[in-house]
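**Q** Structure below; questions to follow.
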Amino acid sequence: MSGTEAEAPDRPGVAGALVAGAWLGPVLAMLAGLALLALLGVEGEFISLLFVVALSLLAGAPAAMLAARRGVLGRPLGLATGGAGLAAFALFHLLDGLPVAEALAGALASAALALLWVGLGVAAGFGLPPLAGLAAGALLGAALAWLVGGLAGAFWGLALGAALAGFLAAAPAAAAPPRLRPGEARVLAGQGAAGLALALAVLAGPLMAYGTDGKLMAVALALPVALPGLLLLAATRGLAPLPLATALLGLQALAVALGLVIGGAPAAAGWVSVEGLPAFRLALLGAGFLPAFAALAAALLERRSPRSAVLAALVLAVLSAGLGPLLGLLQPELADFGALAAPVLATGFAFWLLLRGEA
Amino acid sequence: MASPARALPGDRRGLTRRLRPRGGAERRSPVVFVPAGVAGEALILAGLAMGQALVVLALGLGWWLVALVLHLGCCLALLLRPAPPPDAEPWATAVLRLLTATLPALGPLAIPGALAALALGVPRRLRRVAPPLPEDPVDARLDAIALARDVPDGLLLESLGDVLRWGHARQKARALDLAAEPARPGGVALLRLALSDADPAVRARTELLRPQVERRLLEAAEALRAVARGQSGANGRAAQRALARALDRAAFSGLLEPPRADACRAEAAGLWQALAEAAPDGGPEGGDAEAEAALGRNLLALGDLPAARRALEAAVTRGAAGGSAIGWLAECLFRARDFAALEALVLRWRPLLEAEARRAAVTGPHAAAWRLWLAEAPR
C-alpha cells in the first residue's frame with residue numbers, strides 16, 4: 001500500500017464497531033450518568049449530562065477515528081480532551097453560571113469521555129477487549145461519586161470511570177506512535193472528518209429538538225430502541241452489508257414493536273408529556289432504522305476514501321436537524337414526522353451510495 | 001489431528017512437536033506486574049502523582065489558583081522532561097507519552113490510568129506467546145527459521161514478510177521477535193517495513209522491539225569506534241572504514257530516532273570524507289569510490305545537495321560504485337531539480353541501468369524510478 005492511500009481496516013467489522021459505537025457509546029454513557037444521578041438522588045440534570053456527552057463526542061470522535069486507524073496521535077488526543085474540557089467549562093460556568101466546583105467536574109467528565117471514545121476506537125482497531133478497564137472504571141467511578149455526592153459527585157464519578165477505562169484502552173496504541181508519511185495528512189483529515197460527521201449525525205436530532213420545540217426527551221428516549229441492532233452490528237464480523245442491514249431491519253422491527261407496545265410507559269413515568277407521546281412514537285419508529293443506516297455507513301467507511309461515509313453521515317445530520325422544522329413550517333403537526341423521515345431518507349441515501357459505488 | 005500413538009515411527013519431527021508441552025498457562029509468558037527497567041519512568045510518575053495529589057488537595061480546599069499553578073507546573077515538568085534513553089522500558093515510555101497528551105486536560109484523573117497501565121503491563125495479545133498448533137505451515141516455517149542460525153538476508157526477509165502478510169497475530173509477533181534477534185542482522189529490513197505495516201498490532205510490536213535493535217546498532221558502532229581510536233596507518237584506515245560502515249548500517253536502518261540517525265550520518269560523512277581524501281587519486285581508476293559514494297549518500301540524506309552531488313559524481317565517474325551510486329546521484333539531481341543533468345545521466349548509463357532493471361534491481365529502492373526514467377529518456 002502506498003503512503004498516500006487510506007489504510008482500510010484489516011480486521012473485518014472494525015468499521016461496523018466504529019459506526020455503531022458512535023451511537024452506543026453516548027447512549028451507554030448517558031445511561032451510566034443517569035444511573036449515577038439516580039444513585040445520588042439528583043434530579044433534573046438530564047440536560048447538563050447531555051451536554052457533557054455531546055461535547056465529548058464532538059471533540060473526541062475525530063480523534064477516535066484516527067486512533068482506530070493509525071494509533072494514538074498525541075496532538076489530536078490533546079486537542080480533543082482539552083477542547084471538550086474547555087468547552088464544557090465555558091458552557092457550565094460562563095453561560096449557565098454553575099459554581100466552579102461543579103463546572104470543573106463537568107469539564108473533566110467531558111474531557112475524560114473524549115479520552116474514553118479514543119480508547120474504545122483503539123480497542124476496535126486493535127481488536128483488544130476494553131471490558132476490564134470499563135469494569136474497573138465503573139466501580140471506582142461509582143465509589144468516588146458516592147463519596148463526593150451531589151451533581152459534582154456524579155460528574156467526578158463519571159470522569160474518573162471514563163478516564164481510567166479510556167487510558168487503559170488507549171495505552172496499547174501509544175506503544176506504536178504513528179509515523180506520518182508524506183501525503184498522509186490529507187488522508188488522516190478525511191478520517192477525522194468522518195468521525196466529526198458521525199458525531200454530528202448522532203447529536204443533530206437531540207440537540208435540534210432541545211433548541212426548537214423542547215421535545216428533547218421524546219427524541220432522546222427513543223434512541224435506546226436502536227441498542228439491540230447496534231450491539232449486533234458492533235459484534236458482527238464479516239457479514240456482507242446488505243444482508244446485514246436486512247437482518248438488522250428485521251431485528252429492529254421486533255424492538256420497535258416492543259417499544260410501541262410499552263410506548264405509554266415514559267408518559268406514565270413522567271419523562272414525556274402526554275402531548276409528546278405522538279412525537280415519541282414517531283421517533284421510536286425512526287430510531288429503528290438507525291442500525292441499518294449504521295451498517296450501510298460502515299460499508300461506506302470501509303472503502304479507500306471516506307468521502308461517501310462522510311456524505312451519508314452529513315445527510316443524516318442535516319435531515320435530523322432541518323427536516324422537522326421545515327415540515328413544521330408547512331404544517332405544524334407535521335414537524336414530529338421529521339424524526340421518522342430523517343433516518344428513513346438517510347438510510348435510503350446510504351443504500352443508493354453503496355449501490356452506486358458497487359455498480 | 002493424528003494421535004501420538006498413530007504417528008509414523010520415522011516422523012520424529014512431528015512426534016517431537018506433539019510431545020512439546022503446550023496449552024494453558026505454560027504457553028504464555030507470566031504476567032509481570034512491575035516490569036523491569038522502569039525505574040526512571042516510575043520516578044517521574046511518582047513525582048507527578050504527588051504533584052497531582054497536591055492539586056486535589058487544593059481543589060478540595062477551594063484554592064483554585066493554587067491548584068491551577070500546581071497543575072501547570074506538573075504539565076510543564078512532564079513536557080520538558082529529558083528524552084528517554086535508548087534502553088528505557090518501551091511500555092513505560094508509551095504510558096508517559098499518553099500521559100503527556102492527557103494530563104493537561106484530565107489532571108489528577110489521568111494519574112490512576114497511567115499507574116494502572118504501568119502495573120498491568122503490555123496487553124496479553126501484544127506479548128510474546130508460545131507458538132500455536134504445529135500443523136500450521138506458517139508455524140513450520142517459523143520453526144525452521146528459528147532453528148537455522150544463518151538464513152540468507154533475502155530469504156529471511158521474504159519468509160518473514162510472508163508471515164506478516166498471511167499469519168495470525170501470534171505468528172506475526174513471533175516473526176518480529178525472530179527478526180529482532182541479534183544473530184540476524186538482516187531482520188532489521190523487516191522491522192523497518194513492519195513499522196509502516198497496515199496492522200496496528202504489528203506496528204505496536206515493532207515499536208516495542210525497536211529500542212533494543214537501535215541500542216544494538218549503536219553499541220556495534222561504539223565498539224568499532226573504540227577499536228578505531230587506538231589504530232593508525234593502514235590498520236587505522238581499515239578500522240575507520242568498518243566504523244563508517246557500521247554507522248551507515250545504523251543510520252539507514254530506518255529504526256533510529258531521527259536526531260540519532262542524523263548524528264550517525266554526520267559522523268559517517270566525516271569518516272568517509274577522510275577516507276576519500278586519504279586515497280591516492282589516480283584518475284578514473286584510482287581514488288576510493290566506495291567512500292565517495294557513501295559520503296554522497298550521507299550528505300544527500302543530510303540535505304547538503306551540492307556537496308552530495310560532487311561526491312556522487314566523483315564516485316560514478318570512477319565507475320566502480322555500481323547502480324546504487326547512480327541511483328543516489330539521480331535522486332540528488334531530482335531533488336536539485338536539475339532535470340537536464342538527470343536525463344544526461346540516464347542516457348550515459350542506459351545499458352547498465354537496463355541490465356540492472358532486468359536483474360534483481362527491479363525490486364530495489366530505485367526500481368520504479370528507473371523504469372520511469374528509462375521509459376521517458378530518448379533512445
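Glycine residues also receive a Cβ, built from the backbone N, Cα and C atoms like all the rest.
The following feature annotations were taken from TrEMBL:
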TRANSMEM  A:12-40  transmembrane segment
TRANSMEM  A:46-65  transmembrane segment
TRANSMEM  A:77-95  transmembrane segment
TRANSMEM  A:101-124  transmembrane segment
TRANSMEM  A:131-148  transmembrane segment
TRANSMEM  A:154-175  transmembrane segment
TRANSMEM  A:187-210  transmembrane segment
TRANSMEM  A:216-235  transmembrane segment
TRANSMEM  A:247-273  transmembrane segment
TRANSMEM  A:279-301  transmembrane segment
TRANSMEM  A:308-331  transmembrane segment
TRANSMEM  A:337-355  transmembrane segment
**Q** Who are the long-range neighbours of the transmembrane segment (A:77-95) in its own chain, taking Cβ under 8 Å and residues 6 or more past its ends?
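**A** Hits for the transmembrane segment (A:77-95): 48, 51-52, 55-56, 58-60, 62-63, 67, 102-104, 106-115, 118, 170.
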**Q** Under a Cβ pair cut-off of under 8 Å, which of the recorded stretches A:46-65, A:101-124, A:187-210 contacts the transmembrane segment (A:12-40) most often?
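**A** Checked against A:46-65, A:101-124, A:187-210; highest Cβ contact count belongs to A:46-65.
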**Q** Which stretch from A:46-65, A:101-124, A:131-148, A:308-331 shares the most C-beta pairs under 8 Å with the transmembrane segment (A:216-235)?
**A** A:46-65
**Q** Most CB pairs under 8 Å with the transmembrane segment (A:187-210): which of A:101-124, A:154-175, A:308-331, A:337-355?
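**A** Looking only at A:101-124, A:154-175, A:308-331, A:337-355, the most contacts with the transmembrane segment (A:187-210) come from A:308-331.
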**Q** Using a Cβ cut-off of under 8 Å, list the residues of the same chain at least 6 residues beyond the transmembrane segment (A:101-124) that approach it.
**A** 14, 17-18, 21, 25, 29, 48, 52-53, 55-57, 59-61, 63-68, 71-72, 77, 80-89, 92-93, 130, 133, 150-153, 155-156, 158-163, 165-170, 172-173
**Q** Are there residues at least six beyond either end of the transmembrane segment (A:279-301) with Cβ under 8 Å to its Cβ atoms? List them, or say none.
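**A** Hits for the transmembrane segment (A:279-301): 15-16, 18-20, 22-23, 194, 198, 205, 215, 217-219, 221-223, 225-226, 228-230, 232-233, 241, 244-246, 248-249, 251-253, 255-256, 259-260, 263, 266-267, 272, 308-309, 312-313, 316, 336-337, 339-344, 346-347, 350-351, 353-354, 357.
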